[in-house]
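Some notes on the structure that comes next.
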Amino acid sequence: MPAKVVVIGSLNMDLVTRAPRLPRGGETLIGQSFSTVSGGKGANQAVAAARLGAEVSMVGCIGSDAYGQQLRNALLAEQIDCDAISIVDGASGVALIVVDDNSQNAIVIVAGANGALTPAVIDRFDSVLQAADVIICQLEVPDATVGHALKCGRELGKTVILNPAPASRPLPADWYAAIDYLIPNESEAAALSGLPVDSLETAETAATRLIGMGAGKVIITLGAQGSLFADGKGFQHFPAPQVHAVDTTAAGDTFVGGFAAALASGQSEAEAIRFGQVAAALSVTRAGAQPSIPTLSDVQAFKAP
Ligand code: RIB
C-alpha cells in the first residue's frame, strides 16, 4: 500500500508575470510574459506528495468560478482524491505573482474560497484524516482551521507537519504541542521565534527556541544553503544540490510534499530531507508552481552537477 498523505489547505490560481525585476512602490514595469498556473501552497504540496510517490487526499475549498474547476481538475489529473474539496459560491483563491530575471518572486494572495475552510468542514471529513499516515497544514486558510486540524491530527495519532507559510507573526502558543515537524523558511522562522535568521548559527538558535515552544522537530529551509534539522538533541545541516534556478515559486512546497511522501513511505528523516531537497532543487529549474514539481523518476534520475 502506498503511504497516505492528507493535505489540508489552500488552492489558488496563480496569475504570473515575468519582469526584469520586481517593481518598486508606485512604479509600472513592462512585463515579458503572463500565464495562469495552478497553485496554492496546499495544492502544490498535494501535487508534490502525489508525484513523489504518496497516495494523497486534499481537504480544501474552491470557488464556483472557472478557476475552481481548473484547480480541481489539476489535482484529479495527478490521481489526488478530491472528495474533500468543497465548492463554495464566489471566487476561488488567487495569487498575483511577479518573477524577476534573478528567479526571485513577490506574491500577493487573495484568499477567496480558501477563507471558507472552517473547522466544521474539517470535522465533516474526519474519515479522510483518519486514513492518513501524515497530515500537512500551511497558513493560507483561517487560523482557527489550522489550529483545529493540527489538534485533530494529534488526537488521531498521525504524524503532523506544519509549514507555517506565509507567516509574519508568532503562532498561537497552543499549536506547538500538536506539531511533529515544523518546516519554516528563514523569514518564517524569524517571525515565529522573534529572532533574526540569516545564517546557520542563527537558524540553530531559532530552531532551539521553536523546540522550546513545544514543536517536536524543526526543519528550517535555507534556500540555496540547504536546510537545518533540529530535534532538541542536536542539529544537522543538509547542503542543497546546486542547480541553475529560473523560478523559485513552490520550491518550499515541493520540499514539504517530498519530505512528507518519503517519511510516510518509511524513509528516515535524513533520507526524507535529502529526497525533498533534490525535488525542490529540480523544481527551481522549471517555471511555475505545479508545472515545476518533479516526478519520482525525475528525482531518482537526478545527478548533482
Ligand atoms: O508557495 C507558492 C504558492 O504561494 C503559489 O502557488 C501561490 O499560489 C501562493 O500560495
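In case you wondered, yes, glycine gets a Cβ from its N, Cα and C as well.
Residues annotated as active site, proton acceptor in TrEMBL: ASP253. Spatially close to ASP253 (active site, proton acceptor) yet at least six residues away along the chain are LYS41, ASN44, GLN45, ALA48, ASN163, ALA289, ILE293, judged by Cβ distances under 8 angstroms.
The feature substrate binding site is assigned by TrEMBL to ASN12, MET13, ASP14, GLY40, LYS41, GLY42, ALA43, ASN44, GLU140, ASP253. Its own atom aside, the Cβ of LYS41 (substrate binding site) has 29 Cβ atoms within 10 angstroms in the protein chains shown. According to DSSP, LYS41 (substrate binding site) is assigned to a helical segment.
Of all Cβ atoms in the shown protein chains, 21 besides its own fall within 10 Å of the Cβ of ASN185 (ATP binding site). Secondary structure from DSSP puts ASN185 (ATP binding site) in a beta strand. The ATP binding site annotation in TrEMBL covers ASN185, THR221, LEU222, GLY223, ALA224, GLN225, GLY226, GLY252, ASP253.
Reduced to three states, the DSSP call for GLY288 (K(+) binding site) is coil. TrEMBL lists ASP247, THR249, SER283, ARG286, GLY288, SER292 with the feature K(+) binding site.
Among the features that TrEMBL reports, domain 'Carbohydrate kinase PfkB' is placed at 3-295. Across the domain 'Carbohydrate kinase PfkB' (3-295), the model assigns an average pLDDT of 97.
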Those binding-site residues in ASN185, ALA224, GLY288 whose CB falls under 6 A of ligand 1, listed in sequence order: none
Protein Cβ atoms within 10 Å of SER292 (K(+) binding site), excluding its own: 26
ASP247 (K(+) binding site) CB neighbourhood, other CB atoms within 10 A: 23
Binding-site residues compared (ALA43, LEU222, ALA224) - highest count of Cβ atoms within 10 Å: ALA43
Close in space, distant in sequence - GLY226 (ATP binding site), Cβ under 8 Å, 6 or more apart: HIS237, PHE238, PRO239, ALA240, GLN277
Cβ neighbours within the same chain of ASN12 (substrate binding site) - under 8 Å, at least six residues apart: GLY39, GLY40, ALA43, LEU71, SER92, GLY93, VAL94, ALA95, ILE109, GLY112, ASN114, GLU140
Proximal but sequence-remote residues of the same chain as ASP14 (substrate binding site) (Cβ under 8 Å, at least 6 apart): THR36, VAL37, SER38, GLY39, GLY40, VAL94, ALA95, ILE97, THR249, GLY288, ALA289
